[in-house]
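Residues or ranges marked as domain 'YjeF N-terminal' by TrEMBL: 15-213. Taken from TrEMBL, the feature (6S)-NADPHX binding site applies to 62-66, 127-133, Asp156, Ala258, Gly321, His374, Asp441. Residues annotated as K(+) binding site in TrEMBL: Asn63, Asp123, Ser159. Annotated domain 'YjeF C-terminal' per TrEMBL: 223-495, in sequence order. Per TrEMBL, AMP binding site is recorded for Lys411, Gly412, Ala413, Asp414, Thr415, Gly440.
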Amino acid sequence: MKQRSFYHLITPAAMAAVDRDAARSGIDSLGLMQKAGQAVSAAALRLFPDAMRMAVLCGPGNNGGDGYIAAEALRMSGVDVQVFHLGDPALLKSDASSAFLAYRGKLRPLAEYVPCSGDLVIDALFGAGLGRSLEPPVVEIIEAINAASVPVVAVDLPSGLDGLTGHPRPVAFQACHTVTFMARKPGHVLMPGRALCGSVEVFGIGIPHRILDAHRGEVAVNTPSVWEGSLPKLTGSAYKFTRGHLTVFSGPMSATGAARLSAMAGLKAGAGLVTLAAPAEALAVNSAQTTAVMVKEVDDLSTLRDYLQDTRMSAFVLGPGFGVGEKARAFALALRDRKLVLDADGISSFKDKSQDLFAYFAKNVPTQLVMTPHEGEFARLFPEIAKDQTLGKVQKAQAAAKCSNAIVVYKGADTVIASPDGAALINENAPPWLATAGSGDVLAGIIGGLLAQGMPAFEAAAAGVYMHGEAALRVGEGLTAEDLAAAVRPLQIETAF
Ligand SMILES: NC(=O)C1=CN([C@@H]2O[C@H](COP(=O)(O)OP(=O)(O)OC[C@H]3O[C@@H](n4cnc5c(N)ncnc54)[C@H](OP(=O)(O)O)[C@@H]3O)[C@@H](O)[C@H]2O)[C@@H](O)CC1
Ligand SMILES: Nc1ncnc2c1ncn2[C@@H]1O[C@H](COP(=O)(O)OP(=O)(O)O)[C@@H](O)[C@H]1O
Ligand SMILES: [K+]
């Protein structure tokens with residue numbers, strides 16, 4: 001992961017280490033806090049110039065310190081400012097205490113804050129240091145402010161939001177804008193955190209990048225910079241066989257549409273040839289509805305083995321509409337040495353039998369297996385990981401990838417792509433109109449199409465998720481899975497015709 005150019009996220013724990021290293025290297029920590037607080041004040045003035053009052057809620061740590069700096073800067077700008085403090089400000093430590101002492105305005109306990117129309121709330125209660133769930137009085141205040149619908153600008157993170165997992169503990173402010181410092185945290189990108197933050201501004205307070213780089217972890221945003229170097233390159237001498245041959249397995253006669261969506265998406269993603277491998281009963285219905293996609297009879301394990309003799313068959317998609325059961329399990333295991341996207345019924349077939357699957361694919365290095373579960377499918381395959389309340393979506397996907405030796409694409413509005421080596425990407429370009437029947441089948445086909453063209457599994461999965469989002473954005477609201485499959489385009493960053 002270190003070799004690739006990534007748009008990294010910084011966990012709250014890593015941010016605390018950055019903070020410590022910055023102080024050790026002689027950087028003035030109060031100066032950092034002053035820049036942070038001033039950035040918050042500037043955002044409040046820019047976004048809410050007509051606020052009648054700015055209520056700055058200051059907590060017991062450095063997040064509160066940022067709040068006191070912002071409050072003083074706003075007061076100096078002529079704004080009607082009132083600070084509401086949590087805990088005894090006399091107990092504030094070091095920089096936060098200095099920030100408090102420099103504040104010359106009005107001060108009242110947090111419990112006395114009553115939201116009024118015309119207020120802007122600046123939330124500086126807790127940021128990266130939220131170490132446990134909030135207690136009842138603070139929960140009630142946050143709920144009352146959210147219910148009053150006064151706008152909230154959050155400092156670093158909306159208070160109550162866990163910066164690592166993106167989960168509220170147990171509630172968080174609904175902010176309209178969040179000002180964070182140096183880099184976003186996973187909680188800004190994961191749901192529901194992403195929605196609770198509103199717009200997110202990343203303000204550089206002057207911590208040198210070498211310090212940040214030293215604490216960058218394995219989690220990044222899914223952007224083309226991660227995988228564009230691995231995208232298939234279309235050269236003038238291309239021939240359909242050099243662009244890979246994708247096979248998508250069709251379900252029985254009554255369930256063929258999902259596989260056709262995958263097949264079309266694989267072709268649009270750039271695979272040179274795509275074949276629907278269908279049982280005899282489904283040959284006619286598939287043939288009647290395909291043109292560029294070919295159809296071939298593959299009924300059972302023995303015909304599959306014959307089919308696999310052709311080593312030009314470069315990648316496979318198994319699961320969309322396929323049917324849950326023994327046949328799906330046998331097909332998946334027969335494909336253990338090939339590049340495989342296991343989706344939908346292909347995943348559900350291994351409920352209570354996941355160890356067989358994991359054992360068969362354990363030895364592939366690097367892995368050639370991509371699994372694309374939504375939340376329900378994830379829980380079928382990884383029940384213990386799914387129910388572990390201490391893990392966020394990224395940690396769940398990482399644990400699942402490790403125990404299955406597969407690239408796990410844990411789908412949703414915040415799809416996480418995780419690799420057995422611990423690398424994880426959070427996707428953020430998917431619009432909500434992707435929540436429609438069949439859109440997952442299209443995703444499986446795109447990833448299959450990229451695998452067929454020779455992209456490594458992690459990069460193919462990540463690029464596929466990104467292309468899926470781009471295709472959905474091109475179509476717009478009201479999209480159907482057919483529109484989506486038709487809108488898929490290769491992302492050709494470098495072309496050399
Ligand atoms: N990184 C940087 O370089 C820079 C960071 N900056 C800012 O620093 C912020 C991080 O500051 P921080 O570490 O002091 O943590 P913060 O969020 O204020 O909370 C800690 C306090 O809350 C308390 N507490 C925790 N959970 C609680 C709960 N559930 N219920 C009740 N109390 C709870 C905890 O108490 P304790 O656990 O010790 O009992 C402690 O007192 C960061 O978000 C950013 O805004 C900027 O100044 C610029 C430079
Ligand atoms: N609210 C949302 N915002 C963005 N993308 C979403 C949202 N809901 C679902 N998606 C995406 O849509 C696809 C749905 O796939 P899936 O749940 O397998 O549906 P289906 O089985 O109907 O194809 C996934 O890629 C998922 O990430
Ligand atoms: K906050």
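The backbone N, Cα and C atoms fix where each Cβ goes, glycine too.
Location within the structure of each feature annotated in TrEMBL.
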| residue | record | DSSP class |
| --- | --- | --- |
| Asn62 | (6S)-NADPHX binding site | helix |
| Asp123 | K(+) binding site | strand |
| Ala128 | (6S)-NADPHX binding site | coil |
| Ser159 | K(+) binding site | coil |
| Lys411 | AMP binding site | coil |
| Gly440 | AMP binding site | helix |
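Close contacts with ligand 3, defined as a Cβ under 6 Å from any of its atoms, occur at Asp123 among the binding-site residues Asp123, Gly131, Asp414. For Asn63 (K(+) binding site), the nearest neighbour among the binding-site residues Gly131, Asp156, Ala413, Asp414, Thr415, judged by Cα separation, is Asp156. Closeness to ligand 1 is met by none of the binding-site residues Lys411, Gly412, Ala413, Asp414, no Cβ falling under 6 Å from the molecule. Within 10 Å of Gly440 (AMP binding site), counting CA to CA, the binding-site residues Asn62, Asp123, Ala128, Gly131, Asp156, His374 contribute His374.
Around Lys411 (AMP binding site), the C-beta neighbours below 8 angstroms that are at least 6 residues distant in the chain are Thr372, Pro373, His374, Glu375, Gly440, Leu443. A Cβ within 8 Å of the Cβ centre of Lys411, Gly412, Ala413, Asp414, Thr415, Gly440, the residues given for AMP, is found for these other residues of the same chain: His374, Tyr410, Val416, Asn427, Ala430. Highlighted here are the binding-site residues (Gly131, His374, Lys411, Ala413, Thr415) whose C-beta falls below 6 Å from ligand 2: His374, Lys411, Ala413, Thr415, in sequence order. Nearest Cα neighbour of Ser159 (K(+) binding site) among the listed binding-site residues (Ala128, Ala413, Asp414): Ala128. In this structure, His374 ((6S)-NADPHX binding site) belongs to neither helix nor strand by DSSP; it is coil. The 10 Å shell around the Cβ of Asp123 (K(+) binding site) contains 29 further Cβ atoms across the protein chains shown.
Same-chain residues with CB within 8 A of the center of the Asn63, Asp123, Ser159 CB atoms, the K(+) site residues themselves not counted, are Leu57, Gly59, Gly64, Gly67, Ala124, Leu125, Phe126, Gly127, Ala154, Val155, Asp156, Leu157, Pro158, Phe173. Between the C-alpha atoms of Asp414 (AMP binding site) and Asp123 (K(+) binding site), the distance comes to 25 Å.
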